[in-house]
Amino acid sequence: MGLPKGAWVKEGGYETAGEGIVIGFIDTGIDPTHPSFNGTDTSQRQYPIPNHFSGVCEVTPDFPSGSCNRKLVGARHFAESAITRGIFNSSEDYASPFDGDGHGTHTASIAAGNHGVSAVVSGHNFGSASGIAPRAHISVYKALYKSFGGFAADVVAAIDQAAQDGVDILSLSITPNRRPPGVATFFNPLDMAMLSAVKAGIFVVQAAGNTGPSPKSMSSFSPWIFTVGAATHDRVYSNSILLGNNVSIPGIGLALPTDEGKKYTMISALDALKNKSSVVDKDMYVGECQDYDSFDKDLVRGNLLICSYSIRFVLGLSTIKQALAVAKNLTAKGVVFYMDPYVLGFQINPTPMDMPGIIIPSSEDSKVLLKYYNSTLERNGTTKEIVRFGAVAAIAGGQNPNFSDRAPKIMYYSARGPDPEDSLFNDADILKPNLVAPGNSIWGAWSSAATESTEFEGENFAMMSGTSMAAPHVAGVAALIKQKFRKFSPSAIASALSTTSVLFDNKGEAIMAQRAYANPDQTLTPATPFDMGNGFVNATAALDPGLIFDTSFEDYMSFLCGINGSAPAVFNYTGKNCMLRNATISGSDLNLPSITVSRLNNTRSVQRLVTNIAGNETYNVGLIPPFDVLMKVSPTQFSIASGETKLLSVILTAKKNSSIASFGGIKLFGNAGHVVHIPVSVTVKIALKQ
């Protein structure tokens, strides 16, 4: 994210980054006792609660008086709809803002957690954690629950309350579980509640959803919402095991190493049973090392125990934590998990281990391990009993990160465009996602009562993956922008984030996107705007965008009224009468920092208004037309004074018939160093017959 030497420096250091800005989170609540949300300030700086914020903190037995402070300035919970349906379990779900899940605590800390909090997991300090805007204030609106998820009515009530309280930024790491029916996807209670928030001047960020990688898998639809997809970063915790035959096998696991320069005997769980035949008959999963009583302690003591990792771990029926506890009780030196061949291509997150250990995620590599192990066993010629375990190995350990990975890459699970306009799968002339941000293997604060991840249960920090983790990165950057430009509208913040984004990875090459769930890194192809929107978030450049594209609530209303048959839905949600509107516009006519045309019938002209928020500057226009499209922009050069607005006209013409999406871009190069990037996407092209 480049914060310590970039965006934070521009804001006067991390000590002031985000000061005076309130970020609202609609999620599973928060653990107020976590040091990431401690409101006492060691720097002796004033830390007043912003005057424009009027939120309150609920007081309940699990969220006592004093839970809020100058950092955590608001906390409520919303469960009326769930209670009405009779599925609210107050003992499990907490009838308070307290987080019994972990998700909400994690997302809040990513955006606005305190700076310099030690991330200690399984007794190991992984470093100092900080939110993107560590000085911003947090207000929590709990509308999601561990046992049942959430209901639209409760989420809408939470959005409305956040708007009433006066939050500046609203972050939602939630998406609907199905595509909204009706005349258009935009007409659903969530998107319409978010439109009201935007009308009130609040910048709304939403996770794209973890429904990728297929096209049109997007779960966040509307142009007034800033939709964020998930990408990797370059920090990787890699682990490996060196076998006695000098073969090294890569793996994962935030584990301790075995003693340097020493190899230990390996013993398979299936060969370490007290009574092999009766145990295997009784428990076919005994190889997963979940039951201490099944094993012969004398055989395991001081050795590396080999356990199988099956689909039961994915389903939560078996856990790494339990296998480690069993291994410790048996005084094993460490644990080696090999992949059951039926766990196809499942992505395993790095898992904390408080002893030497490794998970081998590849079934092919697992076969290499087992082949070596079996080839070194010595058996009695008559009884076939094992008389000697000959396999030895050393575990490298996986607690130290390396930063050599090519990044960012778009994660396979990150939901993709084009943006579906309706349930018939027609495409909207709106670019989704808007941007991508780090979302994979993200450290964040964890609730003391969290049960979402058995591997991090009882820990203060957890490593999670998903577009849920990407959205609060952008919410934090939005807080930094809002701190610098207090008068920015939500669309101006969106514009600053979008036009300054990064299009190349840390190796200077095009950002790549994973295209499949199984073995995703073998399916990489260059990312398009339907994978990454405008690109990867650039916090430093977003604080100095040069030009911005502004869009008003009235523009959104003209767009909604322009959808065929939308008048009743518009009236139902907003009370506005489309019949009284002089003109309507299409999605591609909205003044967005992107141009998206789902159907180019011969020729199309669109216009964009740019406003200069920097000093006087002269811009040259650079073009990369989409394939099979002729693109002209006028003017090709313009000078623009500070505060001035200029109109750009773009004419797109189909060169030949095609239904394959093609992508290009417009770049505005300022002589003071500003570069403004506008992606252009055209799907169906119908050329005029000659």
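Each residue, glycine too, has its Cβ placed from N, Cα and C.
What TrEMBL records for this protein:
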type	residues	note
ACT_SITE	Asp27	active site, charge relay system
ACT_SITE	His103	active site, charge relay system
ACT_SITE	Ser468	active site, charge relay system
DOMAIN	18-506	domain 'Peptidase S8/S53'
DOMAIN	589-682	domain 'Subtilisin-like protease fibronectin type-III'
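On a Cα basis, Ser468 (active site, charge relay system) lies 8 Å away from His103 (active site, charge relay system). Within 10 Å of the C-beta atom of Ser468 (active site, charge relay system) sit 28 other C-beta atoms, taking all shown protein chains into account.
Counted with DSSP, the domain 'Subtilisin-like protease fibronectin type-III' (589-682) comes out as 1 helix, 63 strand, 30 coil. On a Cα basis, Ser468 (active site, charge relay system) lies 10 Å away from Asp27 (active site, charge relay system).
Within 10 Å of the C-beta of Asp27 (active site, charge relay system) there are 27 other C-beta atoms, taking all protein chains into account. Mean pLDDT for the domain 'Peptidase S8/S53' (18-506) in the predicted structure: 93. Cβ neighbour count for His103 (active site, charge relay system): 26 (other Cβ atoms within 10 Å of its Cβ, all protein chains included).
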